[in-house]
């Protein structure tokens, strides 16, 4: 019975997962290696049904497995192995070998001892005679190697698949000048690695201690440049014990950070002069970084022309991210503090124990304030180790597109409102160039659509389309909106009846854009009595939105997951980084990524970890190595489960050397 894992991150019903670094199976269970479908060549037979002649000298073949290794020579040029296949292919076939052909001059250059061989793979019922080399026979070239090496068939620069169905198969090997240890069937689930889908949740950090090989989420805030603000670096620093003030001390954690005022405990206070365009109620937002791993408080005191003091505080959270953090000032009962500001106000930030780096203080008119100013949104999947808000190091994300959905591409199918002006066309072209380049000079291969910029006076776009059949449909809008807080986009759908609704175009700086559904009459599934339909979207004045496309999805094909980016596909990374040596992942030398990925793959393929089943006589205990499953064997006992004496020994389980 296979053991299910307690730490698996299921992302899709198809068992897409990526185990965490510290995932371990339960006691007496293990994760096998990718080479667990292994067949020992020394257990085969010759064409005349005799046992294979094999060696067992560790000096000739270091760290051979099981009983030994087959010696392929003129005296034994062919061996036959029986393979019991439990799951259907396709498979790669991997050999572990050493070449013994000596170096010799060939046509004026040094031949490097490569060995040409031929293998035949055929269903056991179709294997009739020693000379039948039809079927799935392949020529194999083994590069010279004086130490144990791996070869993936056919071994001439590309790998070829073997389609094997469950049952008994025969593999026949014809070669000379080889020592063969074992043969591995490598399932497509391993070398294609489709389950390696990682859900990225950690924000990116700029610290040197971060794992720079790990992916993370890069965030970005809504721009507040148009609002009144004051730089922390322009403030005057003083101590409560001393009346003399001095320019604020400026620090930058990295060369990419802006200048920020450094406030560090000990009764520190920073005086700032804040100017606003018009008197009225305002909410203050602090933008900062903090290298302290705890929540801190900063007191704020506002003094205007009336000399009336208004007090509030701001929570300062740990912030060593690749972006700055924001915090809104609150009153004594944790409500957003509203300040009645005149044209010029004096702002005093006081702290006795807190330590932070202050970049700016923004004043947002109370009627315009939204928590979106404080809550950042994902820009992209990136990597740790730098402070940045551009997409130079972004990894493109993908969204699902149901095969049954009708795709209305804005650039291809849309019609803009009739007012055309040259500046608008130039803005569209600039946006397209930024989108294709990733906004940082690094191409984003997943980006294909050009998009259409909707901005007054060209703030409306319309489509004409035809669905396969009348029925209920969900309209999914794919857009980018990196400039504003949320605003409604008017949507009109006509198909035998008229639906008037909206899309909430929330702040969306993401390089892969965002998705939202059209809502009309409090529903998202809209009845379309006829196949021909017309759709229009209209952006409010003084707002901008870039429309990529609209998905018209049959109601029975719609799921909320369509609005989410797919987990990061790590399969190509696994193939690129871990395929060397026939996907043999050595726990002593392989990267952490390859080892973690291997555990994920074998857990998915075997439906969890496997039981150790250590032999009670040959093993010294019931617990095996959680990686690979090797049981602790008595002296001179071999096998993963410790089931027999090593070659040259007898008397299991107390194996003794045979003296000849």
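Backbone N, Cα and C define each Cβ position, glycine as well.
All annotation found in TrEMBL is predicted automatically rather than curated by experts.
Listed in TrEMBL:
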type	residues	note
COMPBIAS	239-252	compositional bias 'Basic residues'
DISULFID	612-624	disulfide bond
DISULFID	614-631	disulfide bond
DISULFID	633-642	disulfide bond
DOMAIN	612-657	domain 'Laminin EGF-like'
REGION	233-262	region 'Disordered'
SIGNAL	1-20	signal peptide
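Annotated features, which come from TrEMBL, shown on the structure.
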residue	record	Cβ within 10 Å
612	disulfide bond	23
614	disulfide bond	24
624	disulfide bond	25
631	disulfide bond	23
633	disulfide bond	22
642	disulfide bond	23
DSSP says what for the domain 'Laminin EGF-like' (612-657): how many helix, strand, coil residues?
0 helix, 11 strand, 35 coil
Between residue 631 (disulfide bond) and residue 624 (disulfide bond), find the distance joining the two CA atoms and give it rounded to the nearest Å.
4
Mean pLDDT over the domain 'Laminin EGF-like' (612-657): what is the value?
96
Candidate nearest residue 624 (disulfide bond) in space, where candidates are the disulfide-bonded residues 614, 633, 642 and distance is Cα-Cα:
614
